Amino acid sequence: MENGEIPENANEHCPGPQSESAGKSDACEGCPNQEVCATAPKGPDPDLVAIAERMATVKHKILVLSGKGGVGKSTFSAQLAFALASMDFQVGLLDIDICGPSIPKMLGLEGQDIHQSNLGWSPVYVESNLGVMSIGFMLPNPDDAVVWRGPRKNALIKQFLKDVYWGELDFLVVDAPPGTSDEHISIVQYLDATGIDGAIIVTTPQQVSLIDVRKEVSFCKKVGVKVLGVVENMSGLSQPLMDFKFLRISETGEQRDATEWAREYVREKAPELLNMIACSEVFDSSGGGAERMSKEMGVPFLGKVPLDPQLCKAAEEGRSCFIGPNCMVSAAALKSIIEKLMRDQGLSKMLVDELA
């Protein structure tokens, strides 16, 4: 338990050996370290000083959260980082989803390794102004499962914060796992002294997702993290009409591809539809979706991002959706959300100053 580290064999939800409740709380019952923790001298965690020194060169820290998995949180984190970097900001993207690290793939960095210098761990760089850190770079095999209890995950998050040398950063975007678990409590506690700008919460429109997002908003309020805004992702399927596949379904349920016939029909009979975008609601949003939930919870609503197959493809290929015309539907929506975020938080002046 050197330097107040949580031992690997500690119980889940361990309060930490430096906590006043160490060895005494309900979470300590049955822990092999209970007696040692209860009698050990208490004091400030020296690692927090090291974290504060590292974070002193980071101007803005933004958490990206979600109540449920599979809502596109990591896709949003990746594209937010790409967008900020394209504005010539110095950007870091920290993946603390220890058990499901998808950021390396979404940044096109699969197979990369972490290197160490006399300044600490070096992030893996996409561009000179976009660095990434993730446990995904540390796994010998990308298919390996990370089967860790809370204390060990928390220790790695602390190590990321105190040992990674980011240099001067305008933004550190932290991609967190879904829910409100140990990782979330730890990142908030470790960054508390250095200041967190706030959290962006990503959801999908249906109630089953919004129920958990309400818990996420409540978590932020309890731990004192400002909610910068809520993003409704997968807000209806939107794509060019001519990108759709068309089927004929017989009375027996047999499917036959009619795509070429339908496209040719449009070209000949209705050419004005060739450049139309077709939209369809995928998830039930009759309850008002994330916008209504945001109003009820008293937090900002940043906007909606459609379910765009081209955005999904960009994420799979590890590239920015803002380069080229393919993601025109989703890229425009994301750009609007990021501009609103910067405007609402008074960050637009940073962009002016950078370009001056």
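Just so it is clear, glycine is given a Cβ too, placed from its N, Cα and C backbone atoms.
Database features, via TrEMBL:
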type    : residues                                               : note
BINDING : Cys14, Cys28, Cys31, Cys37                             : [4Fe-4S] cluster binding site
BINDING : Gly67, Lys68, Gly69, Gly70, Val71, Gly72, Lys73, Ser74 : ATP binding site
REGION  : 1-27                                                   : region 'Disordered'
Nearest of the binding-site residues (Cys14, Cys31, Cys37) to Gly70 (ATP binding site), judged by Cα-Cα distance: Cys14
Binding-site residues near Cys28 ([4Fe-4S] cluster binding site), in sequence order, restricted to Gly67, Lys68, Gly69, Val71, Gly72, Ser74 and a 10 Å Cα cut-off: none
Site with most surrounding Cβ atoms, counting all protein chains shown within 10 Å, from the binding-site residues Gly67, Gly70, Gly72: Gly67
Proximal but sequence-remote residues of the same chain as Ser74 (ATP binding site) (Cβ under 8 Å, at least 6 apart): Val64, Asp95, Asp97, Ser102, Ile103, Met106, Asp175
From binding-site residues Cys14, Cys31, Cys37, the one whose Cα lies nearest Gly69 (ATP binding site): Cys14
Near-site residues: [4Fe-4S] cluster, ref Cys14, Cys28, Cys31, Cys37, CB cutoff 8 A to centroid: Ala10, Asn11, Pro15, Pro17, Ala22, Gly23, Ser25, Ala27, Asn33, Gln34
Packing count at Lys73 (ATP binding site) (other Cβ atoms within 10 Å of its Cβ): 26
Neighbourhood of Val71 (ATP binding site) by C-beta distance under 8 A, where only residues 6 or more apart in the same chain count: Pro178, Val202, Thr203, Thr204, Ser209, Asn233, Met234
Cα-to-Cα gap, Gly67 (ATP binding site) vs Cys14 ([4Fe-4S] cluster binding site), nearest whole Å: 23
Which of Cys28, Cys37, the listed binding-site residues, has fewest other Cβ atoms within 10 Å: Cys28
